[in-house]
Amino acid sequence: MTETYIQYALGVFLGINLCYCIYTDFKSRLIYNYITLPIALAAPIYWYATGDTSFSAIATHLAIGIGTFLFYSIFHKFGWMGGGDVKLFAALAFWFDFVTVAKMLLYAAVCGGLLTVLLLMWHIAFKSKRKLQIPYGVAIAVSALWTVSERIFNHFT
């Protein structure tokens, strides 16, 4: 029973951090380390609460997180993503299994595409002279909230 309370507390913790991440990324196009680091450090507590404490499960989580970081570092190298976006996605990837991270990637792509279209329309409508910057951390955070909320609401069906 305690593990269930820990899961819900971590869900609230993650939700608050992700909402703050959405706010800061929209406002200043920055995702701060003081947001991403606690998310990454809370992952082992989540593993404990969900029973993923075997050596193979922990190794899998670490491999997924590190692999996600390395994969998106390529995007950062070419200037397609910011460093905060890469760190946020990697921190979130430590929490979940491969299938869940793949779903989160799909949701982030859909949310990022919609966000890009909306901001492009805004940019054109108001004839902005500034370079268009997409706060992709918003899409990543929304996809994580979507993924976490699925776990909460889908167990009722």
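Keep in mind that glycine also has a Cβ here, set from the backbone N, Cα and C atoms.
Residues or ranges marked as domain 'Prepilin type IV endopeptidase peptidase' in TrEMBL: 13-116. The feature transmembrane segment is assigned by TrEMBL to 6-23, 30-49, 55-72, 79-98, 104-122.
Taken through DSSP, the domain 'Prepilin type IV endopeptidase peptidase' (13-116) splits into 87 helix, 0 strand, 17 coil. Long-range Cβ contacts of the transmembrane segment (79-98) within its own chain (Cβ-Cβ under 8 Å, at least 6 residues beyond either end) map to 14, 21, 25, 29-33, 35-37, 39-40, 42-43, 46, 60-62, 64-69, 72-73, 104, 108, 136-137, 140-141, 144, 147. Packing against the transmembrane segment (30-49) from elsewhere in the chain are residues 3-4, 6-7, 10, 13-14, 17, 20-21, 24, 57-58, 61, 65, 82, 84-85, 87-88, 90-92, 94-95, 137: each is 6 or more residues past its ends and has a CB under 8 Å from a CB in it.
Nonlocal intrachain contacts for the transmembrane segment (6-23), taken as residues 6+ away from its ends with a CB within less than 8 angstroms of a stretch CB, comprise 31, 35, 38-39, 42, 45-46, 48-50, 88, 95, 137-138, 141-142, 144-145, 148, 152.
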